[in-house]
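Trainee: So that we are looking at the same thing, I have put the structure below in structure tokens.
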Amino acid sequence: MTKRILLIISGGIAAYKSLELVRLLRKRGIAVRAVLTESAEKFVTPLSLGVLTEDHVYGDMFDLKEEREIGHIQLSRQADLVVVAPATANMLAKMAGGIADNLATTLLLATDKPVLAVPAMNIRMWHHAATQRNIAQLKADGIHVMEPDSGEMACGEFGKGRLPEPQAIAAEVARLLALPLPADPLAGQPDFETADTPLAGRHVLVTAGPTHEPIDPVRYIANRSSGKQGFAIAAAAARAGARVTLVAGPVHLPTPTGVNRVDVETAREMLGAVEAALPADAAIMVAAVADWRTADAADQKLKKDGSGKPAPLPLVENPDILATLGKHAKRPALLVGFAAETQKVAEHAQAKLARKGADWIVANDVSGDVMGGDSNSVHIVSRDGVESWENLPKDAVATRLIEKVAHVLSARPD
Ligand code: CTP
């Protein structure tokens, strides 16, 4: 049966991307009925939406006191999923507060269907305590909330708050409607010869990137991890049909299609996000987590005191996320760690495997320019021995690793 979504478009510069979203959804055979808020009509016209949806477009001019208009409440019940994209800060606030002061918000309050909100706003509005409180409330209410992308914004600022690409939203809609994902057209050759989606129905958790450990409000401890390998693995898992949670440290990379991204800064935030994402069938910990953080991050910028001596910087050890999962009550069936080594690669990886309670350690030789580079020489170390792969592009390492994950999980019951 045809799946139907009700697409609520609220006002913001990103509203124009809803046209491309509608096109992609229709291409996947999903019927779309659109509702525009008054301010959204300044960015997209009902006419263009009507042409693309091949349906009536509902505006904001209804008087809900009229009985005939109460019927419009049914709009949100006839859909399989309600999608709010873009969801402005104002729209999210109204949703979190249960305010119903126009057709769009009335439909959201009246619906009995799952709701996906896709926020888009200025970086400062996104990070504002009020917005973050509203997001937490919406999640607690069971609303699916996509993470905004990072990048350059229409307002000229750079940071988090951009509407995710229409392909990523369409993939998330398909996932929530339990439709299979098509192979990523950008990925070139199909990855899997036997089945397109060997990880369908599985949850794969991936960590990626560095962590930043604050010293004071303007300084932090970091490392050179680019996040590329972890992002490639998350993308490959999504292409293989898995539900993917990608917990990412601070990196400048777009969210791969079909991946749920949770951005964090510190090791402790990463651990919290990883534990919140459990249970998972497989966890692949690719992040270069900082081993140490400052014992006490200063509230104010540290100043030189004129003595010529640097301020003392006592460090304490961070929690080990991989080792925590290794002995967790909800330990994933397959637990994979990465190890960056410069010497005795396989030997050190074997020790790490045992110490952290992992099933495999993907050991890479970082004596070259692996960090930030595009290829990787890896050895897969398990209790059964060592499998060494030739130097491969990071995308190919990701695809091969996910094939191996799929192979192992297919031998286990759901
Ligand atoms: N890791 C983690 N939490 C940490 C440190 C590391 O989850 N606090 C994970 C990494 O994501 C990776 C693996 O552990 O999967 C190995 O990390 P690595 O830094 O190579 O190992 P260490 O335990 O720090 O050992 P060493 O620095 O002695 O090589």
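The backbone N, Cα and C atoms fix where each Cβ goes, and this holds for glycine too.
Residues or ranges marked as region 'Phosphopantothenoylcysteine decarboxylase' by TrEMBL: 1-203. For 3-176, the entry in TrEMBL reads domain 'Flavoprotein'. Marked as active site, proton donor by TrEMBL: C155. Residues or ranges marked as domain 'DNA/pantothenate metabolism flavoprotein C-terminal' by TrEMBL: 199-407. The feature region 'Phosphopantothenate--cysteine ligase' is assigned by TrEMBL to 204-414. Marked as CTP binding site by TrEMBL: D291, K301, P319, D320, I321, L322, F338, K352, K356.
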Trainee: Give me the long-range Cβ neighbours of F338 (CTP binding site): same chain, 6+ apart, Cβ under 8 Å, in sequence order.
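Mentor: Once residues fewer than 6 apart are set aside, F338 (CTP binding site) is near Q229, I284, M285, V286, I361, V362, A363, N364.
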Trainee: Averaged over the region 'Phosphopantothenate--cysteine ligase' (204-414), what pLDDT does the predicted model reach?
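Mentor: Taking every residue in the region 'Phosphopantothenate--cysteine ligase' (204-414) and averaging pLDDT yields 92.
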Trainee: I want to verify one value. Collapsing DSSP to three states, which class is K356 (CTP binding site)?
Mentor: helix
Trainee: Let me know how many other Cβ atoms fall within 10 Å of the Cβ of P319 (CTP binding site).
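Mentor: I count 13 other Cβ atoms within 10 Å of it.
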Trainee: Using CB atoms and a 10 A radius, I'd like the single residue among the binding-site residues D291, I321, K356 with the highest neighbour count.
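Mentor: Sorting the candidates by Cβ neighbours within 10 Å, the top entry is I321.
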Trainee: With DSSP assignments reduced to helix, strand and coil, which class does I321 (CTP binding site) get?
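Mentor: Helix, per DSSP.
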